[in-house]
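Asks: Before anything else, here's the structure in question.
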Number of protein chains: 2
Amino acid sequence: MDQKGYRRGSFQSSTSDEDMLEIAGASVDLSMADDDPPLDREMGGFSTYNGGGMNGKSTMMDFLEEPLPGVGTYEDFNTIDWVREKSRDRDRHREITNRSKESTWALLHSVSDAFSGWLLMLFIGLLAGSLAGLIDISAHWMTDLKEGVCLAGFWFNHEHCCWKSNTTFTDRDKCPEWKSWSQLILGYGEGAFAYILNYFMYVVWALMFSLLAVLLVKGFAPYACGSGIPEIKTILSGFIIRGYLGKWTLVIKTITLVLAVSSGLSLGKEGPLVHVACCCGNILCHLFTKYRKNEAKRREVLSAAAAAGVSVAFGAPIGGVLFSLEEVSYYFPLKTLWRSFFAALVAAFTLRSINPFGNSRLVLFYVEFHMPWHLLELVPFILLGIFGGLWGAFFIRSNIAWCRRRKTTRLGKYPVLEVFVVTAITAILAFPNEYTRMSTSELISELFNDCGILDSSKLCEYVNDFNSTKGDDLPDRAAGPGVYTAMWQLALALIMKVFITIFTFGMKVPSGLFIPSMAVGAIAGRLLGVAVEQLAFYHHDWAIFSGWCSQGADCITPGLYAMVGAAACLGGVTRMTVSLVVIMFELTGGLEYIVPLMAAAMTSKWVADAVGREGIYDAHIRLNGYPFLEAKEEFSHKTRAMDVMRPRKNDPPLTVITQDSMTVEDVETIVTNTTYSGYPVVVSRASQRLVGFVLRRDLIISIENARKKQDGIVSTSIICFTDYCPPLPPSSPSVLKLRSILDLSPFTVTDETPMEIVVDIFRKLGLRQCLVTHNGKLLGIITKKDVLKHIAQMANQDPESILFN
Amino acid sequence: MDQKGYRRGSFQSSTSDEDMLEIAGASVDLSMADDDPPLDREMGGFSTYNGGGMNGKSTMMDFLEEPLPGVGTYEDFNTIDWVREKSRDRDRHREITNRSKESTWALLHSVSDAFSGWLLMLFIGLLAGSLAGLIDISAHWMTDLKEGVCLAGFWFNHEHCCWKSNTTFTDRDKCPEWKSWSQLILGYGEGAFAYILNYFMYVVWALMFSLLAVLLVKGFAPYACGSGIPEIKTILSGFIIRGYLGKWTLVIKTITLVLAVSSGLSLGKEGPLVHVACCCGNILCHLFTKYRKNEAKRREVLSAAAAAGVSVAFGAPIGGVLFSLEEVSYYFPLKTLWRSFFAALVAAFTLRSINPFGNSRLVLFYVEFHMPWHLLELVPFILLGIFGGLWGAFFIRSNIAWCRRRKTTRLGKYPVLEVFVVTAITAILAFPNEYTRMSTSELISELFNDCGILDSSKLCEYVNDFNSTKGDDLPDRAAGPGVYTAMWQLALALIMKVFITIFTFGMKVPSGLFIPSMAVGAIAGRLLGVAVEQLAFYHHDWAIFSGWCSQGADCITPGLYAMVGAAACLGGVTRMTVSLVVIMFELTGGLEYIVPLMAAAMTSKWVADAVGREGIYDAHIRLNGYPFLEAKEEFSHKTRAMDVMRPRKNDPPLTVITQDSMTVEDVETIVTNTTYSGYPVVVSRASQRLVGFVLRRDLIISIENARKKQDGIVSTSIICFTDYCPPLPPSSPSVLKLRSILDLSPFTVTDETPMEIVVDIFRKLGLRQCLVTHNGKLLGIITKKDVLKHIAQMANQDPESILFN
């Protein structure tokens, strides 16, 4: 069945979607993207959702048999109809339940069907956890490879290498088996030339990794770039992007993610891990008919997979579920809540048993604080919140401006060059400063760390006064020269990270935002923390410190400031609140620190919202023109359905099909002359009383099929959508009955319905289109695209930026 | 305006609601229940939600001014229309935003309006936390009062008394200041007579407390009985029960809760604490116009208050939010998620600063385990899950059967006698067994406890072998005689708790189920845990133990088994999953133990669901016939809208009003002759084309008002719902224009729409009624009650059990 001729049309709205293939800011050749089989085409019966007309038939025929291949499926870059999908699933479920009474085999089938969701979650958890472990281990090894190699085995990373070492050595990380490149090549590691050689090797490795990454992405899976969260949000809201969650994307994203992280670019693996987990979920859906054939059910699985992704990214299963609920998901019934939780737990435990960091923790930056905080410390915490909010808003604006520039100018034509230049700059700037040279997660881990007695890092070089030390508790101490050096280096690192991240996020490599944002916040927080600590140490007699911070007491924990700063910046960029606080809570494990985190996250969100309403993901969704109907924002304008519906005042009237008076030829003419995705069916043109709604795709397939297989169907055959077709003179050709493809329960609203209610209906029920009536007569149609355009227009944005339907 | 004559009617459905006043199984005299001012009557304009007709007017008049008092409000025991409420709130918000540009004062008003939600949450958290602290402290003191009194001050509880003591004494809780009743009266505490006296005093105090509780409930606030969660679920789903969350209920419930808990009945304070927190929320709503005047907004606040209630009940803020989301709430937008979290945190911190248990914990049974668990232990954990599920199902069936008996027989007429008898039996059975004599939370705390070296309780009387002890870790040891005695006593306590709880839950005192359920599970778990521990100790050479439980190792933690058992039983009764696991996680604070808890909770839910679908709260909702549309269950039958709508086939046709041809008298006749709550307005009786929907209440108020205040309105005046009324001969009386009360955007579905979609629409949009059309003609109406009746019918339940509309 050749459908090339029929373009994916928009429902009764006239914008053409020429540029629809531009996803994530990159032109995509679909044939190359992913040759996933068109799953949605092999699907179950068109279901009895259409109402009475099919009840008799459907019970007789096998419900798994295909009445007509293609009927009821979607084309790429189209929006699904949630109501229809959920009805189809209920039909399927009903059929299986009814059958289960007939035989033991059917009963077993019914039970296995009921448990398939849990089984799927188990698989997703196992796969996502394993992949996360693999990514962690590889990235760790390759990051160290930039600095040197292990003689005991090149596959050992630095830490592992020194663990395996039998010889004794003084400094914890300077074992004889680990050779820096200069030691390996020149035979010595000190001196200017060795430094330059190491520098050179560092940059070369970084460039190699990042170029390999961008070439792989460009060559094999263009969808593998970016963080993937904006697209996943859009897909979960009911949009179809074939191949975005396919197996090629999974393989390439996993590989290139390791490369990109190892290259030292200012990006993280946390966002892309969500994409990887969703790919796992989508691919594993193929194992179960229930999920393979139903777009709505599959999206429930993807919501859970997103939770599993965050769970392994941060070692926070509960935070992952809340992230999926708060940030990513669109339709999140309670069943999905339970399953997400299960998947997130399985994933976390799989990762823990792989133990990528050798400390039975799920993340590199797990922390344990011991000291309580004082109420007055809320002031610096709120300051950090303000900083985070401002940085978030600044970052979003700059990044979107840069991405728009990339999209609209010739810059976008040279993604490889862009990656090369950014990597080179990053690597050259990063090497001299030890805090940018180390991987960003290690940096965060060091910043979160509360200095103990044995800590040898520069950040912990305090002037020790062992007389005042009691037990394990270290009092606040004067900062030594190491701390001051570290402060300067951190300040430089902060400036570098702030700017380079703007140019990094959006390049054609997998890139997450969580880690760079957290790094910026953690640096700022640690700087502030040390400042407050020293202030309290030198001026503990000041009124603000007296009473809670006497001399020799440990009252300020700079690590906590770093953590609060990280939460603030992450909150400013993503506008997460509860899930952010819960993730951080799971990292620290203490209820104590929820209040500082909450204060910072809330302040950050308010400040950032005051500057610009959108979080980074929503901004990218808008930049790319995806049809995403935001569930968080209330539509607050006073327009009515009649202002939004098509046709507008001076447009030609709505294209309709009558229920029993049009011929095959008439209908084919309408289909050829218009590009709409569906047509209302009315009693007669004169009365305009609505009978139902028929989809263009179903109509084309059915007519074509009837012409081929059914006797007596010619161009002059009458198409009849009613139950009982009017008697015709015997000479006339036989009637084509199409009641089975007619949706007898289209959603309707009156023309006076306020748009806020229409938006609510679209959002809550997941509609694709809605018909508008006045006093019982059909007036027009509103599609999801019309709603989105209207919202954009009301927000003074370009309504034409909404590309897809 | 006397409205007594007009009864609250059902929309086009014919069941009368004679028994509507029976709430929570008790006949309620409304005049006594709570004299809350009828808040809903003083409300904002009927809003421009009605569409174009009012646009002109509403911009001219003050939106806070009342166009007609009572228009747009609800009567008691009616269902709210979420769509209308939300529209009204959006109108209000729009108006404030528009005005904010006019003056600084209005801008300030707008800002304060935006922050009022957060302020309200702060107040709720503070109040709920304080009340919880008060309840904890008082209950603790009064529970101890049953056994003795403190000479240093009668207001000290046992623990506090011994803390204050200056004299030295050997046993931790046997200080000279604390006197048992026999010591106080007879001068000695040993011997048979002293025992009998103490026994007697225990029973007398218990009876006094419980009788006082039931008399207070009966006399002042009949709504204060029970756990309140079923009613809160119903209220949150959009039902109105005046006074259920009023100030009298709050005061009486707080007092009687303390009395009921102290009386030693088998009940907990956790469920009622949710009710108390919701009362706080409802009362504090009066401070802010935004929440006072809008039923939908108020329900958002109540959802957050429920979260705060659980937060203080279990010291689990995140668990509280998830409980509210999973179990209680109906409409839970993201904004509410954030606010709930905030309220829950504030409440938890308020309670912590009150520090009722003197250990800076929020609950009595906070635990810390140190040992990991082994995968094989999942077998006993799953066994506990099965036990929990079976017990849950058994409990629900028996309790519902008993409550139904109470409702239908003369038993319900003697609530005081019932409480007297149950308390007497409980107290008489409880005293001899030390595990039932102590308060249930203390029992749970002891069962959860991991035995340390210094623990002196009987449960920790193991045979110590100090040779094999290394450091703090205690190896598994042989049980001493104390443990065996404790096992017998616990087994007896288990049997007693299992049966007595069935008769306790549902009496006319505040009674929560969480604690008794957890106690049953904890006892069963501890018994199994000790059994497994002894098995492992004596048979560590068995294949199942070899490899992970060698001699002298600490491999089994009986306290963990108690915790898992508690989770399983609580899950079996309430069918919570995620929130349950998160609450338990917050109690233990270790991610380690999530998997055992999850396994037990899931098993328990599956087993219990296999026996009976409903959790205890849903069962009580159905028992009381509340109009609650369950969001968790999918409607899975194949009926269509035409099968459910009224009028049915042989009924008289639908009562309609025409848009411009009926007189005031005609309409008044319709209103008098029918009891429906609303009437569709059509173009003409012949065409049956739908124009809008008008509510009975609004119609009555408007006509009455017009007759009084408007000149020329007589019985023969034409009522006109259109924009432009048809010209009339000059002799005829003036026309009554009622477009402003007409809802121009009623929800419609076609007659062929499957009921599953109709149910979905009702659920998601919170509708009260929906009109049914066929080919553009009005056919009938479906109300929420019709939907609920239909669901009951399909589930083979008595459809007449749905009482309210």
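Along the chain as shown, residues are numbered 1 onward.
Quick reminder: no glycine exception, Cβ is built from N, Cα and C everywhere.
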Asks: Please find, within the list A:301-325, A:326-350, the residue stretch that TrEMBL describes as transmembrane segment.
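Replies: In TrEMBL, residues A:301-325 carry the label transmembrane segment.
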Asks: Have a look at A:250-267, A:556-573, A:592-609 and point to the one annotated transmembrane segment in TrEMBL.
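Replies: That would be A:250-267, the stretch labelled transmembrane segment in TrEMBL.
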Asks: Within the same chain, where does the transmembrane segment (A:414-431) have neighbours whose Cβ lies under 8 angstroms from its own Cβ atoms, ignoring anything closer than 6 residues to its ends? I mean 6 or more beyond.
Replies: 26, 198-199, 202-203, 206-207, 210-211, 213-215, 218, 263-266, 406, 437, 496, 500, 503-504, 507-509
Asks: Mind checking which residues of the chain, 6+ beyond the ends of the transmembrane segment (A:513-532), have their Cβ under 8 Å from one of its Cβ atoms?
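Replies: The answer is 227, 266-271, 313, 377, 380, 383-384, 387-388, 391-392, 395, 435, 440-441, 443-444, 447-448, 459, 479, 483, 487, 490-491, 493-494, 497-498, 501, 504-505, 556-570, 572-574, 616.
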Asks: Before we move on, state whether the transmembrane segment (A:250-267) and the transmembrane segment (A:486-507) share at least 3 Cβ pairs under 8 Å, counting only pairs 6 or more apart in sequence.
Replies: yes
Asks: Would you mind giving the whole-number mean pLDDT across the domain 'CBS' (A:741-800)?
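Replies: Averaging the confidence scores along the domain 'CBS' (A:741-800) gives 87.
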Asks: Can you work out which residues elsewhere in the same chain, 6+ from the ends of the transmembrane segment (A:486-507), have a Cβ less than 8 Å from its Cβ atoms?
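Replies: Hits for the transmembrane segment (A:486-507): 25, 214, 225-227, 265-267, 391, 395, 398-399, 402-403, 406, 415, 418-419, 422, 425-426, 429-430, 433-436, 443, 458-459, 461, 513, 516-517, 519-520, 523-524, 526-527, 530, 616, 620.
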Asks: With an 8 Å cut-off on Cβ pairs and a sequence gap of 6 or more, do the transmembrane segment (A:273-289) and the transmembrane segment (A:192-217) reach 3 or more such pairs?
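Replies: Between the transmembrane segment (A:273-289) and the transmembrane segment (A:192-217), contact is absent.
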Asks: For a three-state summary based on DSSP, what are the helix, strand and coil counts in the domain 'CBS' (A:645-709)?
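Replies: In the domain 'CBS' (A:645-709), the DSSP-based counts are 24 helix, 16 strand, 25 coil.
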